[in-house]
Amino acid sequence: MLRNKVRKTDTLIALNEVYESIQGEGLLVGLPSVFIRLQGCNLRCPWCDQPEALSFSGRKVKLSSLINELKKFTAKHIVITGGEPFAHRELPFIVEFLLSEGYSVQIETNGTLWVEEMEKFAEGIHITCSPKGVAKYYVHPKILKYAKELKFVVDKEFSKEVLKKEEFERFLREGKVVLQPESNRKEMMEKALKIQKELLKECYTVRVIPQVHKCFDLK
């Protein structure tokens, strides 16, 4: 068992950056958090605010080094973001060690990918799925099963009808849908509020939450 643990700590992680801030998006907004940004994404979203994290090339660090770096921070909530976390086969090792060290774990994902070894941890973490606002967008069934919320970026192309896809109905019914105005732009805030009002008439309550960290000029 100890030998396996040592081997896992030698696992190389494609890491973009680690930093402490507040969670500025979604249902856990305001929570003091340490962000682990993994390097590499399978999508190319036009409004992506982290283009430097898209490529799969870049520095790699041992998991043991990452764990040591986390000890410099005071927050005990970890947000694994990217890039796309589920594009990394090493993700289960990261989550396992974080949970064993007493951290709470949140993963921000575009929802298109899944790593089977994550199933044993999925119930005990907070998965935030951010589907893109187009009708034919695919979300992996396991992500839909374990996600705690759906977060949609409301941009010029976003349509309310996307929210009514059959696979999203549970989240609408349970009030676990967040509309995030693109880049906190005024016209997108107005659009999100309009959609929220229309959905209220259909007995669905969604939340409109801007990128709060940007309001405080935080990372």
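Backbone N, Cα and C atoms are what each Cβ position is placed from, and that goes for glycine too.
Within the same chain, residues at least six positions away from THR81 (substrate binding site) with a Cβ under 8 Å of its Cβ are PHE35, ILE36, ARG37, LEU38, ILE107, GLU108. Taken from Swiss-Prot, the feature substrate binding site applies to ILE22, GLN23, GLY24, ARG37, THR81, supported by sequence analysis.
Swiss-Prot lists 28-219 with the feature domain 'Radical SAM core'.
Within the same chain, residues at least six positions away from CYS41 ([4Fe-4S] cluster binding site) with a Cβ under 8 Å of its Cβ are CYS48, ALA53, LEU54, GLY82, GLY83, GLU84, ALA87, ASN110. According to Swiss-Prot, the feature [4Fe-4S] cluster binding site maps to CYS41, CYS45, CYS48.
Residues annotated as S-adenosyl-L-methionine binding site in Swiss-Prot, with sequence analysis given as evidence: GLY83, SER130, PRO131, LYS132. Sequence-distant contacts of SER130 (S-adenosyl-L-methionine binding site), defined as residues of its own chain at least six apart whose C-beta falls under 8 angstroms from its C-beta, comprise GLU108, THR109, ASN110, GLY111, LEU150, LYS151, PHE152, VAL153.
DSSP assigns THR81 (substrate binding site) to a strand in the three-state reduction.
Taking CYS45 ([4Fe-4S] cluster binding site) as the reference point, none of the binding-site residues ILE22, GLN23, GLY24, PRO131 has a C-alpha atom within 10 Å of its C-alpha.
GLY24 (substrate binding site) falls outside any helix or strand according to DSSP and counts as coil. The Cβ of ILE22 (substrate binding site) lies under 8 Å from the Cβ of VAL29, GLY30, LEU31, PRO32, SER33, VAL212, HIS213, PHE216, LEU218, each of which sits 6+ residues away along the same chain.
In this structure, ARG37 (substrate binding site) is part of a beta strand by DSSP.
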